[in-house]
Structures are given as C-alpha cells and as structure tokens.
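Novice: What TrEMBL records for this protein is below:
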TRANSMEM  55-75  transmembrane segment
TRANSMEM  137-155  transmembrane segment
TRANSMEM  167-185  transmembrane segment
TRANSMEM  205-229  transmembrane segment
TRANSMEM  250-273  transmembrane segment
TRANSMEM  309-326  transmembrane segment
TRANSMEM  338-362  transmembrane segment
TRANSMEM  368-386  transmembrane segment
Amino acid sequence: VPPFALRTASICQRTPHLRQWLAKRSQHSITAEAGANTAPATVPNAATNRILGRWLLGCSGLVVGAVVLGGVTRLTESGLSMVDWHLVREMKPPQTRAEWEAEFAKYRQFPEFKIMNHDMTLPEFKFIFYMEWGHRMWGRLVGLAYVLPTIYFWKKGYFNRSMKGRALGLCGFVFFQGLLGWYMVKSGLEEKPESYDVPRVSQYRLSAHLGSALLLYCASLWTGLTLMVEPHKLANTKRLNQLRRFAKGTVGLVFLTALSGAFVAGLDAGLVYNSFPLMGDRWIPDDLLAFSPTLKNFFENPTTVQFDHRVLAISSLTAITGLYMFSRRMMLPRRAKIAISCLTAMAYAQVALGISTLLLYVPTPLAATHQSGSVALLSLAIWVLAELRKVAK
C-alpha cells in the first residue's frame, strides 16, 4: 500500500467530518454518472401530445373566426370588393387617397358596381373593402398558425408517423382552402349578359368553400381533442355501440345541415318565404319543383333550398333529441353526459335562432349569430364523439 494512502486513511480515522465529506462526494459522483447514462425521455409522449392538442385546438378557434368573418362578409355583401388576388402584395391595403381611388376604379369595372352599387361613394367602398381584406388577412393568419408550428414540431420530433401525415394533410388543406376562396370570388366577378339576377358568387363554389373550411375545422378539433382528452374505459356493450353509431350519424346530419346553409346564403333563399312553420299558407309550396330538370331545384331553386334546409334542421333537432333520450337510459361517464346535454341545448337554441332570422327577414347580426351557432353545434357534436370513442388498442 503506498505511504500516501496509509496517511489519508489515518487522517480520516482521526477526523470524522472529513470522512463524511469524502463519502458524500463519492455518492454524488456515482449519482451523476448514473444520470449521464440514463436515456432521455422518449418523444412523442403524453406531455408533447398535450402540447400538440392545445395547438390544434387553437388552430380550430382561428378557423371558426374565419368562418364567422366570412359569413359576415357575405351578409354585408363585401366579398366582391377586392377584384384581384395576390398572396403578399395585397397584405398592405391602400394608404393614400390616390391608391383608394385606383382601387375603387377597378371595382367600378365589375358587375356588382354596375348593377347594384352604381351610386356607391368612396367611404362606402372602404367599408366593404376592409371587410373582405380582413377576411383574407385572417385566412393568412390561419395558414401561418398551421404551417410554422408544424415545421417546429417536426424538427423537435413531436410527431409520430400518424401525426406527420395528419399535419401535412391539414397544412395542404389550408392552402387548398385559400385557392378555393379565390375561385369562389371569381365566379361573382364574371360578366353574365344572359342573367338578370344580382351579381353573386356561385352557390356551388360557396358551399365548397364553406364545406372545406368545416372539414378543416372538424379534423383539427377531433385530432386536438383525442390528443388531450383521455378516452373513457367503457364496457364495449351492444347498446354503447348503438349509441356511437347514432352519434356518428347525428354528426353527419349536423354537418349536412350546415352545408345546406351555404346554398341558402348563396341564393338569398332566406328572403323567399318568411313564415314558419308554413311556407306562405302551405306546408309544401307550389313552386317547390318549378325548375327543369327536377334535380336542378335542389341546388338552384331558392324555394327548394329553403325547404331542404328546414327539413334538415328539424331532422337534426329530432336526431339530437333522440340521442339525448337514448343516452339517459345508459350508465355513461359524467363528462359524456355533459357533452350530450350541451349538444341538445345548443340544438334547440340554434333552431330558435334560425326561425327568428327567417321571421325577421334576415337581419345581419341575427343571421351572423345563426351561422356561428351552426359551428358551435358541430363542435359539440364532435365533442360527444370524442367522449364516446373507443380506447385505442
């Protein structure tokens, strides 16, 4: 044994404090070495899934804002005020009097000004321009909210293989939605010498634009909820499976009703028969199938479009009421019961809003609230599905 080691051992025996210090230092060294050899937490995990869930719920909220703002833009007849489309250049609105006059001059070349707004002043044009400009800028904000975090989370390794595909699909859908919006606007800028109707965008393109926005919203909300909300461990009984199928069918019906509202808005069908429950003095109006061929009525006849929307709305209300009554006879988790109760209450409120909007000849604030209510109803329906979903194996 080296003399230095013997001297150190002798000092440690005579000095207890030194012995304790050496023991603690040795223990800390062993702990640090063990920590260095421990593998880092795997990514993705429950914590990263919650982060992704919050991100997607935030994106869903932005999509709702775009839908509501788009509805108000439509109701104020502002959607055709910007007659061209540039991804970056149009982000800065006109600043000087000369720039506003130039923009107004472009608008005056198109049918909406010539037929409807030929006596419009520059201040009035500024209002409708800013409505459409705000809607477009909000759309760009939605795009950034999807794309930039996707790049960040991808680099951090937060996505598993499934989430990578979903994130790319959502980002691609955002770009598609922007292009579809301009495709819709173009239909209202075209000269139609054979038509005596007021200039408006195609109801087909309007419904496609709204439908794609709702699909984007539903996909984001569903994915966000499934990442954040733990599924209930429910016994997989026959009645529960029936309830799940019932809920899925109800979601589809609510979505179809919201989509039919786009045809009502596109054709101003809410101004045709402003009475309820009868249409005029009849349950089924005389001009329900006035167009030929018959199929054309369901998409181009305002009377038929309003009739279809009424039927779909009452069918949705009936289905949701049935879902509520069926669920009351089952043992469900408290959160699932709350979701179904909220869905039912919102369904009755939405029908009341729709009837009020119709009877009062579609006032803009009430109509905008009714359009927003359709998104709220769809959101609650998706929440119900998330609460009833099966545990992944």
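Yeah, the Cβs are placed from backbone N, Cα and C, and that goes for glycine too.
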Novice: Do any residues of this chain, six or more beyond the ends of the transmembrane segment (250-273), have a C-beta under 8 angstroms from a C-beta of it, and if so which?
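Specialist: Residues packing against the transmembrane segment (250-273) from afar: 71, 74-75, 200-204, 206-207, 209-211, 214, 218, 279-280, 285, 299-300, 302-303, 305-306, 308-309, 312-313, 315-316, 319-320, 323, 357-358, 361-362, 367, 371, 374-375, 377-378, 381-382, 384-385.
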Novice: Which listed stretch (55-75, 167-185, 205-229, 309-326, 368-386) has the most C-beta pairs under 8 A with the transmembrane segment (338-362)?
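Specialist: By the under-8 Å Cβ criterion, the transmembrane segment (338-362) pairs most with 368-386.
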Novice: May I ask for the residues of the chain that lie six or more residues beyond the transmembrane segment (205-229) and have a Cβ under 8 Å from a Cβ within it?
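Specialist: Contacts with the transmembrane segment (205-229): 49-50, 52-57, 59-60, 63-64, 66-67, 70, 74, 166, 169-170, 173-174, 176-177, 180-181, 183-184, 187, 255, 258-259, 261-263, 265-266, 375, 378-379, 382-383, 385-387, 389.
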Novice: May I ask for the residues of the chain that lie six or more residues beyond the transmembrane segment (137-155) and have a Cβ under 8 Å from a Cβ within it?
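Specialist: Result: 51-52, 55, 58-59, 62-63, 65-66, 69, 91, 164, 167-168, 170-171, 174-175, 177-178, 181.
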